[in-house]
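*Asks:* Pasting a structure here, questions to come.
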Amino acid sequence: MQEHLVVTLDGKDYLVEPGTNLLEFIKSQDTFVPSICYNESMGPIQTCDTCTVEIDGKIERSCSTVIDRPMTVNTVNNDVKDAQKEALDRILEKHMLYCTVCDYNNGDCEIHNTMDAWGLQHQTYEYKEKPYEKDYGPFYRYDPNQCILCGRCVEACQDIEVNETIRIDWDREHPRVIWDNDVPINESSCVSCGQCATVCPCNAMMEVNMEGNAGYMTDTEPGSLAAMIDLTKKAEPGYGPLFAISDSEAEMRKERIKKTKTVCTYCGVGCSFEVWTKDREILKVQPSHDSPANKIVTCVKGKFSWGHINSDQRLTKPLVRKNGEFHEVEWDEALNVIADNFTSIKEKYGPDALSFISSSKATNEESYLMQKLARQVIGTNNVDNCSRYCQAPATKGLFRTVGHGGDSGSIEDLEKAAMSVLIGTNTAEAHPVIASRMKRAQKLFGQKIHVFDIRKHEMAERADRFYQPKPGTDLAWLSAVTKYIIDHDLHDKAFIDEWVDDFDEYYKSLETFTMAFAEEATGIPESELIKFAEECAKAESVVICWAMGITQQDIGSDSSTAISNLLLVTGNYRRPGTGAYPLRGHNNVQGCSDMGSMPDKITGYQSIEADDIRAKFEKEYGVKLNPKAGKDNHEMVEGIHDGEVHSLYLYGEDTGIVDSNINFVQAAFEKLDFMVVQDEFLTFTATYADVVLPASPSLEKDGTFTNTERRIQRLYQALEPLGDSKPDWKIFQAIANRLGFDWNYKHPSEIMDEVARLTPLYAGVSYDRLEGFNSLQWPVQPDGTDEPILYLEGFNFDNGKAKLFPLSFDNYFKQDEIYDIHVNNGRLLEHFHEGNMTYQTPMIKYKVPRAFVEISPELAEDRGIHEGAEVKLISETGEAVLQVHVTDRVKGKEIYIPLNNDAMENGDLGAINLLTNSDVDQYTDTPSYKRTSCRLEVITKRGKSPLNPNNFRVNKKRHPQYSVQVQKKWERSDYVFPGNQVDK
């Protein structure tokens with residue numbers, strides 16, 4: 001195989017690797033070639049024709065040329081320049097240059113920059129206005145009269161995000177971008193990811209927040225912009241002066257528009273991007289090709305749901321309860337109240353009478369300081385975080401089998417896999433950017449997707465095969481599939497012999513897991529399970545993703561263990577495109593646990609009960625540490641009721657809504673002697689507190705987050721804290737010092753340096769190594785070497801071998817005649833959990849204004865109810881009143897309740913956790929949220945739908961195609977390739 005090819009570029013020879021994109025090679029040599037439709041994150045689209053060069057004497061597009069032979073390339077001769085000029089002129093026939101008064105004139109308009117760099121002074125063809133008006137969606141708008149039909153938005157929607165809404169209608173007299181079958185944006189299947197606006201090279205697609213806000217001359221009254229455009233064009237007869245003036249205005253904008261790299265504060269994907277702000281106004285979010293987890297992909301929350309930052313609901317001063325009511329006070333008074341109460345409770349009842357709940361929304365540094373406050377200052381290990389509510393069972397299963405409690409590879413491995421198996425994860429709504437990577441792999445590269453879920457969500461609809469097991473029975477089919485693979489000699493014996501212990505004992509434990517047993521337990525036909533087992537065993541590479549549908553069961557740890565067992569038996573660890581991926585729910589739930597906000601583990605999952613570990617931290621902290629494991633979230637609530645816990649300090653967690661059996665939890669709050677809540681808002685939980693502290697959200701501080709793939713990333717402060725709110729780390733420091741300690745951190749980087757000294761997993765982590773879009777995936781060696789793929793050097797046990805873990809199953813979920821309906825629950829795309837942050841963005845609330853219950857058509861018919869009906873759901877622990885959305889996403893007596901009940905406005909009305917009980921996973925105390933039964937009482941039989949009629953879920957059909965279908969453009973009678981014109 002030839003290693004290099006000779007490419008002669010403008011008379012100079014270069015050695016180039018075969019398969020290199022010609023345009024990328026030309027750019028790498030600092031040679032300018034226009035390329036308006038090309039984007040490095042999407043590849044060649046071939047619509048603009050501006051990148052033409054001469055290849056071996058013929059004018060061709062460089063963007064779609066792969067270097068597969070020696071070639072001579074000319075970018076400067078007259079024929080090339082003439083072809084490029086023709087292509088540029090055709091663009092200006094569709095796009096009016098009025099740069100100085102354009103909101104997009106921020107230094108990154110690719111039409112402006114290309115025309116300027118090329119040296120275009122006058123256009124040959126007159127601009128032709130199209131017979132279309134602007135189309136406004138809730139978050140972005142489309143201006144057909146500025147659209148050059150490059151197709152980037154189509155490529156992004158169809159083949160990057162794979163939402164499959166946007167197309168170009170090439171057949172009409174005046175082609176334009178359309179949504180679905182040519183409906184307005186707001187009536188389409190658009191999910192408002194915003195990537196079309198991200199990739200648009202000009203002002204055709206633009207965020208609504210940008211319009212009229214970006215420039216010095218764009219904040220005009222409606223109608224006056226047209227006059228300004230006319231005036232500008234008359235005053236700037238050639239493009240040279242226009243570019244000079246607009247460049248000066250763009251330079252001025254740098255003084256008013258601040259661009260700050262940050263990391264998304266919602267789910268665990270860890271999307272990074274620049275946030276553009278003007279004063280406190282958030283203009284746009286712009287992802288980058290350099291964004292390690294998401295590249296240029298976003299979802300509606302990360303791109304647009306930032307209303308919470310400037311919400312009038314933000315807390316700006318501390319609140320102290322006096323005579324039953326909250327009063328605003330200065331920080332000094334609030335800190336004194338906290339210090340006095342912590343001290344008196346500790347003196348009266350001992351340190352273990354105080355408990356602390358950390359936040360998966362906060363930074364690593366802040367999570368570290370909360371556990372340090374609990375352990376060093378108070379002397380208790382009663383500290384936990386919300387991984388107890390969701391991911392602790394997955395971590396347990398991985399600790400049992402492979403030794404690390406995190407994803408075994410990277411997000412890009414999910415794209416590389418030959419087969420993806422999704423179990424109990426609504427990925428397209430809970431982790432939409434990851435779902436896009438998998439949808440793309442399926443659509444373009446043939447990845448096979450298998451989905452096991454009780455609900456027919458989007459990934460189930462798209463799956464190559466969809467299986468609907470009975471609730472809580474995944475362990476049965478997972479173990480039966482594993483047994484079948486071994487029984488039929490399909491297991492990876494070489495991998496097992498070299499890398500896995502305890503095979504014989506494990507295989508013996510599978511004796512009862514026959515396919516017949518699995519069919520009876522799960523309801524999945526034996527033939528389907530056999531076919532899946534054979535495909536799984538024979539696939540070149542397999543990844544398994546799972547989430548709360550697995551972990552929030554009372555056998556969540558065992559089911560997670562069964563997943564890892566299957567991967568070990570088939571040899572699907574230690575290679576690209578393989579492994580276990582328990583998709584983390586929050587932006588920093590992985591990091592919060594990494595930082596030691598756990599009752600039995602200190603940073604990096606080091607046991608607090610180990611003498612040598614405690615000794616290391618005691619030397620750093622200067623105090624003796626409590627050797628006894630503390631209480632977890634579940635045990636804290638029990639401890640309050642039992643009189644063992646008298647004080648609770650929580651931050652960034654609405655425990656009174658998100659814990660299970662919240663009637664029981666709220667009753668516990670009422671029994672506390674003293675309660676502190678620290679948050680952006682006066683949350684439902686905060687209404688029970690004695691002191692409420694105003695905390696700053698992510699855009700108002702520096703720090704790091706660790707995402708689902710163990711990726712540690714920096715976020716930078718974009719805005720000053722609102723009012724008297726403070727970053728959590730500063731609040732913890734103030735409390736520690738008020739209690740007699742001498743914390744003196746000047747910046748979060750110093751906190752991370754301390755973490756690195758104490759934590760082998762983070763040993764090489766530093767802010768310098770995380771500069772900009774750089775990131776590290778733990779474990780990180782002292783020299784900064786990280787591990788995107790775990791276990792390449794062996795598994796995280798003393799002998800380097802993984803362990804197969806025997807399991808059993810007899811845990812059938814049965815409903816009785818009274819509580820005859822199974823209640824499933826989870827996220828919606830638009831909202832995050834209870835919605836405290838997302839409901840602060842008006843257009844998010846417009847899309848999904850309230851919580852509701854999904855009911856199957858057959859259950860609706862049985863109960864005589866219709867869309868919009870109001871029903872009361874009653875369980876053994878409580879009741880909730882909700883409106884009905886009838887959908888075939890659920891079947892039979894399965895119902896689904898989204899988590900977003902807007903608790904700050906509605907209290908606990910309609911909250912799913914009024915119905916859940918206190919049952920937990922026996923190994924982790926994770927609540928069994930998914931094992932809930934209820935009965936249904938009809939209040940009204942029909943009403944207004946709880947969903948906005950423009951919501952994409954309401955009878956909206958996708959319109960998939962491959963890319964922009966540029967051949968349709970080429971087939972038009974009015975199209976001639978510029979190179980052919982030059983040849984003529």
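Note that Cβ sites are derived from N, Cα and C of the backbone, with glycine treated the same way.
Owing to the predicted nature of the structure, the values given are computational and were not obtained by experimental measurement.
According to Swiss-Prot, the protein has these features:
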DOMAIN    3-79  domain '2Fe-2S ferredoxin-type'
BINDING   Cys37, Cys48, Cys51, Cys63  [2Fe-2S] cluster binding site
DOMAIN    79-119  domain '4Fe-4S His(Cys)3-ligated-type'
BINDING   His95, Cys99, Cys102, Cys109  [4Fe-4S] cluster 1 binding site
BINDING   Cys147, Cys150, Cys153, Cys200  [4Fe-4S] cluster 2 binding site
BINDING   Cys157, Cys190, Cys193, Cys196  [4Fe-4S] cluster 3 binding site
DOMAIN    257-313  domain '4Fe-4S Mo/W bis-MGD-type'
BINDING   Cys264, Cys267, Cys271, Cys299  [4Fe-4S] cluster 4 binding site
*Asks:* Do any of Cys99, Cys150, Cys196, Cys271 (binding-site residues) have a CA within 10 A of Cys48 ([2Fe-2S] cluster binding site), and if so which?
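*Replies:* Near Cys48 ([2Fe-2S] cluster binding site), where near means Cα within 10 Å, the binding-site residues are Cys150.
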*Asks:* Summarise the domain '2Fe-2S ferredoxin-type' (3-79) by DSSP state, stating how many residues are helix, strand and coil.
*Replies:* 9 helix, 26 strand, 42 coil
*Asks:* List nothing but the one residue from Cys109, Cys190, Cys193 whose Cβ has the fewest other Cβ atoms within 10 Å; the candidates are the binding-site residues.
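*Replies:* Relative to the other binding-site residues in Cys109, Cys190, Cys193, Cys109 has the fewest Cβ atoms within 10 Å.
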*Asks:* May I have the DSSP-based helix, strand and coil counts for the residues of the domain '4Fe-4S Mo/W bis-MGD-type' (257-313)?
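*Replies:* DSSP composition of the domain '4Fe-4S Mo/W bis-MGD-type' (257-313): 5 helix, 21 strand, 31 coil.
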*Asks:* Beyond Cys157, Cys190, Cys193, Cys196, what residues of that chain have CB atoms within 8 A of the centre of the [4Fe-4S] cluster 3 site's CB atoms?
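*Replies:* Near the [4Fe-4S] cluster 3 site, the remaining chain residues are Cys153, Ala156, Glu161, Asn163, Thr165, Ile166, Val191, Ser192, Gly194, Gln195.
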*Asks:* Would you count the other CB atoms within 10 A of the CB of Cys267 ([4Fe-4S] cluster 4 binding site), including those on all shown protein chains?
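*Replies:* Its Cβ has 27 other Cβ atoms within 10 Å.
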*Asks:* Quick one: which of these binding-site residues, Cys37, Cys51, Cys267, Cys299, have their CA within 10 A of Cys193 ([4Fe-4S] cluster 3 binding site)?
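*Replies:* Cα filter at 10 Å returns Cys299.
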*Asks:* Would you mind pulling the DSSP three-state label for Cys102 ([4Fe-4S] cluster 1 binding site)?
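*Replies:* Going by the DSSP assignment, Cys102 ([4Fe-4S] cluster 1 binding site) belongs to neither helix nor strand, so it counts as coil.
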*Asks:* Sequence gap of 6 or more, Cβ distance under 8 Å: name the residues on the same chain that satisfy this around Cys102 ([4Fe-4S] cluster 1 binding site), in order along the sequence.
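*Replies:* Within the chain, Cys102 ([4Fe-4S] cluster 1 binding site) has Cβ neighbours under 8 Å at Cys109, Asn203, Gly215, Thr218, Ser246.
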*Asks:* Return the residues near Cys271 ([4Fe-4S] cluster 4 binding site), defined as same-chain residues 6+ apart in sequence whose C-beta is under 8 angstroms from its C-beta, sorted by sequence, else 'none'.
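*Replies:* Looking at Cβ-Cβ distances below 8 Å from Cys271 ([4Fe-4S] cluster 4 binding site), excluding near sequence neighbours, one finds Val263, Cys264, Pro287, Ser291, Ala293, Asn294, Val297, Thr298, Cys299, Gly302, Val433.
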*Asks:* Roughly how many Å lie between the Cα atoms of Cys200 ([4Fe-4S] cluster 2 binding site) and Cys37 ([2Fe-2S] cluster binding site), rounded to a whole value?
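*Replies:* With distance taken Cα to Cα, Cys37 ([2Fe-2S] cluster binding site) is 9 Å from Cys200 ([4Fe-4S] cluster 2 binding site).
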